[in-house]
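Visitor: Could you have a look at this structure, given as C-alpha cells, before my questions?
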Amino acid sequence: MPSAGHLRHRHHGHHHILLLLLLGFSFLLRAQLDYPSANLSTIWTNDPSQLPHTVSFEDGSQVRSILLRRSPNFFGPTFACGFYCKDACTSFLFAVFAVYTNSGGGITMTNLAPPQVVWSANRDRLVGTNATLHLTAGGDLILRGADGTAVWSAGTSGRSVVGMNITESGNLVLFDQDGKLVWQSFDHPTDSLVLGQTLKEGQRLSANTSMTNWTRGQYTITGIKTTKNSTYIKYLNGSLAMFTQSGTPDESISLPAALSLQFMRFESDGSLKLYNWSQGWQVIADVLHLDVCAYPTVCGEYGICSNGQCSCPSGVNGSIYFRLIDDRKSNLGCSPVNPLSCQSRQEHDLLPAHDVSYFSYVYGAANFRGIDEESCKQACLKNCSCRAALFQYSGNVSDGNCFLPSQLFSLQNNQPSTSHYNSSAYIKVQNFVVPPASNNTKKRDVGIGVSIGIIGAGLIASLIGGMIIRYVRRKRSKEEEEDDFQQVPGMPTRFTFEDLKLATENFSKKLGEGGFGTVYQGKIGDEEVAVKRLDGVGQGKREFLAEVETIGSIHHINLVRLIGFCAEKSHRLLVYEYMCNGSLDRWIFSKGQHGTLNWHTKHKIIVDIAKGLSYLHEECRQRIAHLDIKPQNILLDDRFNAKVSDFGLSKLIDRDQEQVMTRMRGTPGYLAPEWLTSIITEKVDIYSFGVVITEIVCGRKNLDYSQPEESIHLISLLQEMIESDRLEDIIDAHSNTKLHAKEAIEMIKLAVWCLQRDSKKRPSMSTVVKVLEGARNVETDLDYNFFANTPIMPTNRDHYDYHLAASPAPSASLLSGPR
C-alpha cells in the first residue's frame with residue numbers, strides 16, 4: 001500500500017502532466033489561430049487547396065486568410081488579411097478584414113459574423129482564382145493576376161523590408177530589421193477607418209460605387225484645411241478628432257465608446273457609419289449626424305428631399321421641367337423633360353427653388369465668395385457646364401457664397417429649426433422646346449397626308465410617294481438617332497452646329513489636323529476652347545462616340561477636359577479646353593523653333609502623363625486603354641502642365657477581363673509587340689509611354705528618316721547604346737538635359753522597363769508614378785532585346801509606306817498647334 005507521501009507525489013505528478021498538456025494545447029491553439037507575420041520570399045496562391053484557412057459564410061462571402069492576428073481572449077472579433085470574395089467568387093480583393101474567432105475553430109460564426117473589409121489593395125482591379133501574392137526577396141509585396149500580370153505593388157523593393165505583419169488594430173505593415181515601419185495600409189485608406197487610424201492631409205476615404213460594386217465611386221470624404229498649419233483627423237475611442245500641430249484636438253465629433261472591435265465605413269450613399277461588434281456587426285451611429293435628406297444621392301439627381309420624401313423641382317403655372325425617372329421609385333431621381341443644349345442664352349432659364357440646401361455647402365468649395373445672388377445666377381447662365389446656381393447667405397442676398405455644380409445631386413428642403421443660414425437654388429432648364437409627343441404626332445400626320453395623296457394617283461405617283469415615305473422614315477430615323485445623344489446620362493453639354501460655327505468665327509482659325517478631323521480655335525462666353533470637327537469622316541463616327549462617352553465621364557487634372565459636343569445631322573464636333581502651348585511634339589522635335597524645355601519641365605511632363613494614364617488604367621470604373629499615346633496627343637497648358645488627349649481610339653476593359661481582342665489601332669512606332677496578335681491589355685499604353693519617355697529624353701522622333709540609316713529607329717539605337725554602355729550619348733544635346741545626365745539615364749531605365757516585349761514584365765502605371773516620385777526603384781532584371789521574335793519595320797521608306805497603308809492604323813496626327 002503506497003504511503004501518503006507517495007500519493008502526494010503522484011498527485012503532484014498528475015498536476016504537472018495536466019499543466020504540461022494544457023500548456024501544449026494552448027501552444028497548439030496559438031499555432032493554429034495566430035499567424036500574424038510572414039517572412040520574405042513567400043508566395044501565396046489564391047486557391048483553397050493551397051490556403052488552408054479558407055472559410056465560407058452564409059451571406060455568400062468567402063475569405064482565404066493569409067495572416068490572422070489572434071484575438072486577445074482567444075475568441076472574439078479580430079483582423080486578418082488575405083483574399084476576399086462575395087457570391088459567385090470569381091473576382092477577389094486582396095484585403096484586410098474583420099472576422100470572429102474562437103478558441104477551437106479558428107474563424108467562426110459564419111452565420112452571424114460575415115467578414116467586414118476595412119482595407120483593400122485592388123478594389124478597381126480585381127483578381128481571379130490562382131492569382132498570387134508575393135512577398136519578394138527584395139522586400140516588395142506584389143499582387144499578380146493568374147497570368148502573372150502585376151496588379152498592385154507596395155513599391156518597397158530595395159527598402160530593407162524583412163517581414164510583413166498584421167497588427168491588433170488592423171494595420172498591414174512591412175517592417176525593417178529594427179522593427180520600423182517601411183510601408184503600412186493605414187497610409188493608403190480606401191473606404192474605412194479603424195480605431196487609431198489617422199486621415200492625413202491629402203488622404204481621403206472613397207466610397208464604393210455600390211454595395212455590390214467595389215470599384216471607387218463618386219464620393220470622397222476628407223478634411224478641408226482651414227489654417228496654414230498641417231491638419232489631420234484621427235479616429236479615437238469615443239471621438240473623431242481633428243488636430244493641427246498641438247496634441248489637443250481643435251474639433252471633434254463624439255462617438256459611442258468602443259466596447260469591442262469598432263470601425264467606420266464611408267458608404268456608397270454618402271453616409272459615414274460606425275460599426276461595432278455585439279454578437280454580430282451592428283451599425284450603432286451615423287458619424288456625420290446628418291438628416292436622412294442631407295445625403296448626396298438620397299433622391300437621385302435633380303431630386304428634392306423633404307422629410308424623407310422625394311419629388312422633382314416644379315415650375316410656375318404648372319410648367320413641367322422634370323419628371324421622375326421611375327414613378328414607383330422616387331429616390332432614383334428626376335430627368336429633365338428637355339435636356340440642356342447650349343444653343344443661345346435666350347433658351348436657358350433658371351428655375352427657382354427657395355429654402356433648399358445642398359450637401360456640398362462648405363466654405364472652401366464655393367466657386368465665388370462674397371458675391372450677391374444675381375451675380376451668382378448670371379455666372380451660371382454664362383457657364384455652359386453649370387447645372388444650377390446655388391446661393392448660401394446668412395444676412396442678406398448681397399453677400400454670400402456661390403456654388404456652380406456641373407452635376408446636380410439631391411437638394412434638401414431647409415428645416416427652420418436646424419438651418420443656421422439661408423439658401424436658394426436656381427436650376428438651369430431648357431425653354432422653348434416642342435415636347436416630343438406633339439413632334440411625333442406632326443410627323444405621323446405628314447406620313448398620313450402623303451399616304452392619302454398616293455391613293456388613285458397612278459403608278460408614277462405611287463413610286464414618288466413611296467420615295468417620299470422612305471425619305472420621311474430615314475429623316476425620322478436620323479432625328480431619333482440624334483435624340484439618343486441627348487438621353488445619355490452624364491453627357492457633357494450639347495451644342496448646336498451654329499453655336500460652334502459662331503464660336504470659331506466660321507472655323508477660320510485652324511490649330512491642326514489629324515486622321516479623324518481638324519481642330520479650330522474658338523471662344524464660348526469668356527472661355528477659350530478648341531473645337532475638333534469630324535465632318536465627312538465616316539470612319540471617325542465610332543471614334544467620336546468613343547471620345548464623348550469616355551472622356552465625358554472621367555475627370556482628372558492630367559486629362560484634357562471635354563466641355564461639350566455637337567451631334568447634329570452629319571456634323572460631329574467635340575469642344576475641349578484650350579491648351580495654349582499646343583502638343584508636346586512641337587517642343588521636343590522642333591529644334592529652336594519654339595525654344596527648348598529644361599530638364600525640370602521634361603521631368604514634370606513625364607510625371608503628368610504617368611498620372612493621367614494611371615487614372616485611366618486603375619481609378620475608373622472600367623479600365624480605359626488609350627491606345628494612341630504619342631507626343632502629338634499630349635497637350636500643354638500655359639504652365640506646361642501636361643494632359644492626355646484624343647480618346648478616339650480608346651478601349652474600355654472590364655475589371656474582370658484579363659485582356660481583350662481588338663483590331664490593330666494606333667500609330668506606327670508606338671505600337672507594342674502584342675498588337676500582332678490583336679490580343680491586348682492596357683499594357684500597350686505603357687509600351688507607348690516608354691517610347692514617349694525615350695523621345696523626350698533624347699529630343700528626337702522614334703522613327704526619324706532624316707537620321708543616318710543605322711539611327712532611324714530610336715528604340716533600336718537605344719538597344720545598341722545599352723549593349724555598348726553608352727547611354728549618355730543618346731541624351732538630347734540641344735537642351736540642358738546633358739547637365740542632368742544621371743537623372744536622365746535613370747529615366748531611360750524606366751523607359752526600358754516600360755518597353756519590355758513581354759507585357760507581363762512591364763510595370764503598372766501606378767508603379768511608374770511611384771518610381772517617378774522616388775517611392776520605389778526600377779526593376780533590375782530587364783530584357784534589352786526589345787524586338788526579339790517581332791518583325792522590325794524596314795528602314796526603306798517605300799517599304800515603310802507599304803506597311804503603313806496595309807495596316808488599319810490611322811495616319812499620323814499633325815495636331816501640334818495650341819488647342
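Any Cβ shown, glycine's included, is placed from N, Cα and C.
As the structure is a computational prediction, the values presented were derived from the model and not from experiment.
From TrEMBL, for reference:
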SIGNAL    1-31  signal peptide
DOMAIN    59-187  domain 'Bulb-type lectin'
DOMAIN    505-787  domain 'Protein kinase'
BINDING   Lys532  ATP binding site
Visitor: Non-local Cβ contacts of Lys532 (ATP binding site) (under 8 Å, 6 or more apart, same chain)?
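Guide: Once residues fewer than 6 apart are set aside, Lys532 (ATP binding site) is near Gly517, Thr518, Val519, Leu573, Leu574, Val575, Tyr576.
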Visitor: Provide the three-state DSSP residue tally for the domain 'Bulb-type lectin' (59-187): helix first, then strand, then coil.
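Guide: Final tally across the stretch: 3 helix, 62 strand, 64 coil.
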Visitor: To what whole number does the mean pLDDT across the domain 'Protein kinase' (505-787) round?
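Guide: Averaging the confidence scores along the domain 'Protein kinase' (505-787) gives 85.
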Visitor: Going by DSSP, is Lys532 (ATP binding site) sitting in a helix, a strand, or coil?
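Guide: SS state of Lys532 (ATP binding site) = strand.
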